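Quick look at what Swiss-Prot lists:
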type: SIGNAL; residues: 1-19; note: signal peptide
type: CARBOHYD; residues: 41; note: N-linked glycosylation site
type: DOMAIN; residues: 49-141; note: domain 'PPIase FKBP-type'
type: CARBOHYD; residues: 128; note: N-linked glycosylation site
type: DOMAIN; residues: 141-176; note: domain 'EF-hand 1'
type: BINDING; residues: 154, 156, 158, 160, 165; note: Ca(2+) 1 binding site
type: DOMAIN; residues: 185-218; note: domain 'EF-hand 2'
type: REGION; residues: 197-218; note: region 'Disordered'
type: BINDING; residues: 198, 200, 202, 209; note: Ca(2+) 2 binding site
């Protein structure tokens, strides 16, 4: 799993914002958490700023209809995101605090910590909808996005990351990973990194681009 977390250095750089529709008056509502399974051995639990790797399914609490399944996207790979900074809706940020790798939870999220009065996804999530998520957390690691990581990748110290430098960094992580991927997968990851972060298209990722945030709702 280590590789997946390292990749999020690049793939998780989008903007941080609270869920739509949240107000101070509504903030008294609570996210309800039911622990379905928690491993006996848990040496590390999730906290704000950690990089998580997880699958989750989303349902409308009203009728149980499913509106989201992470297993049906990205060839079934678990999602990568930094906890507590708005990469996911606020209710999930709250619900996934203090989780162990291998833990499963069922959570109920009120509208104020989800999509509020606006709803989302062309009617799939109606206004003022309470949501239910089933979450499975695979692993937790310290969030890697930092100037130190940038410098580690920037081997020639020219203050920009080339494809060759990032490819080398990824290759080292592939060698450490318990489930190594083939070259085609590594190439696809590299292309995705530049697609999402090389905003001026010059073939390099600058310090500014490295820290540019984009938005991803779920």
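Just so it is clear, glycine is given a Cβ too, placed from its N, Cα and C backbone atoms.
Sequence features, as recorded in Swiss-Prot, placed on the structure.
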residue: 41; record: N-linked glycosylation site; Cβ contacts under 8 Å, 6 or more apart: none
residue: 128; record: N-linked glycosylation site; Cβ contacts under 8 Å, 6 or more apart: 111, 116, 117, 119
residue: 154; record: Ca(2+) 1 binding site; Cβ contacts under 8 Å, 6 or more apart: 160, 161, 165
residue: 156; record: Ca(2+) 1 binding site; Cβ contacts under 8 Å, 6 or more apart: 165
residue: 158; record: Ca(2+) 1 binding site; Cβ contacts under 8 Å, 6 or more apart: none
residue: 200; record: Ca(2+) 2 binding site; Cβ contacts under 8 Å, 6 or more apart: 209
residue: 202; record: Ca(2+) 2 binding site; Cβ contacts under 8 Å, 6 or more apart: none
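Here residue 198 (Ca(2+) 2 binding site) comes close to 204, 205, 209: these same-chain residues lie at least six apart in sequence, with C-beta atoms under 8 angstroms from its C-beta.
Mean model confidence of the domain 'PPIase FKBP-type' (49-141) amounts to 92 (pLDDT, 0 to 100 scale). Residue environment of residue 160 (Ca(2+) 1 binding site) contains 18 other Cβ atoms, counted within 10 Å of its Cβ in all protein chains.
Residue 156 (Ca(2+) 1 binding site) carries neither a helix nor a strand DSSP state and counts as coil.
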